[in-house]
Amino acid sequence: MGMNKAELIDVLTQKLGSDRRQATAAVENVVDTIVRAVHKGDSVTITGFGVFEQRRRAARVARNPRTGETVKVKPTSVPAFRPGAQFKAVVSGAQRLPAEGPAVKRGVGASAAKKVAKKAPAKKATKAAKKAATKAPARKAATKAPAKKAATKAPAKKAVKATKSPAKKVTKAVKKTAVKASVRKAATKAPAKKAAAKRPATKAPAKKATARRGRK
């Protein structure tokens, strides 16, 4: 449900304890003062309630909702209202609405809204700090453990294996070269024996020649 101007005047009449004429004049004078100030480009600030001001809109292109045609809109000035901190706090429920007296007091709602805004981030910051503190040692331990194992055990074993394997290879290579050398020596000696065996064969024809001479 909404409240119109007549209903507002009735409520104001009861609160002021005056007649309807005075309440009507009060409402009209307040509205007239705000409209004239905003028209000039000034802003009307009511602490805790809000600010009435003028906003400038640049030229833009709009669309007609009925026809769908594009329409150029000239730059204009538009009245605007910015609600105050106490007004926002009361509507959102952050600040309790008093049963009696003014709903918005100067310097009361604003301080309460600031306290709520300061307390909420502080709690979040402390929780985040605690989580970071618990996670940090775990990460440090995880980084230190692999470093010790890698530094003590792994490189030593690999180094020993690396030193032993070349020694075995060298001894095997020496044995292979020794076997090859002996084979080569045997190969060089074999032709000498064959040559010695061939030499007596040349002498055999000489004996046959002497035998033939005796027969003659």
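Each position is counted from 1, following the chain as shown.
Glycine too: its Cβ is placed from the backbone N, Cα and C atoms.
Annotation comment: Swiss-Prot describes 104-114 as compositional bias 'Low complexity'.
The annotation compositional bias 'Basic residues' is assigned in Swiss-Prot to 115-216.
Summarising the annotation, Swiss-Prot assigns N-acetylmethionine to Met3. Mapped onto three states, the DSSP output places Met3 (N-acetylmethionine) in coil. Around Met3 (N-acetylmethionine), the same-chain residues six or more apart in sequence whose CB sits under 8 Å from its CB are Val11, listed in sequence order.
According to Swiss-Prot, the N6-acetyllysine annotation covers Lys5 (among others), on the basis of a curator's inference.
Sequence annotations record features per position, and here Swiss-Prot assigns N6-acetyllysine to Lys74 (among others). Of all Cβ atoms in the shown protein chains, 8 besides its own fall within 10 Å of the Cβ of Lys74 (N6-acetyllysine).
The local packing around Lys88 (N6-acetyllysine), expressed as other Cβ atoms within 10 Å of its Cβ over all shown chains, amounts to 16. Residues annotated as N6-acetyllysine in Swiss-Prot: Lys88 (among others).
Cβ contacts within 10 Å of Lys105 (N6-acetyllysine), excluding its own Cβ and spanning all protein chains shown: 13. The N6-acetyllysine annotation in Swiss-Prot covers Lys105 (among others).
Residues annotated as N6-acetyllysine in Swiss-Prot: Lys118 (among others).
Taken from Swiss-Prot, the feature N6-acetyllysine applies to Lys135 (among others).
The N6,N6,N6-trimethyllysine annotation in Swiss-Prot covers Lys140 and rests on a curator's inference.
Annotated N6-acetyllysine per Swiss-Prot: Lys148 (among others), in sequence order, evidence recorded as a curator's inference.
Annotation comment: Swiss-Prot describes Lys169 (among others) as N6-acetyllysine, evidence class similarity to another entry.
Annotation comment: Swiss-Prot describes 3-92 as region 'Bacterial histone-like domain'.
According to Swiss-Prot, the feature region 'Disordered' maps to 102-216.
In three-state terms derived from DSSP, Lys74 (N6-acetyllysine) belongs to neither a helical nor a strand segment and is classed as coil. Across the fold, the C-alpha of Lys5 (N6-acetyllysine) and the C-alpha of Lys105 (N6-acetyllysine) stand 24 Å from each other.
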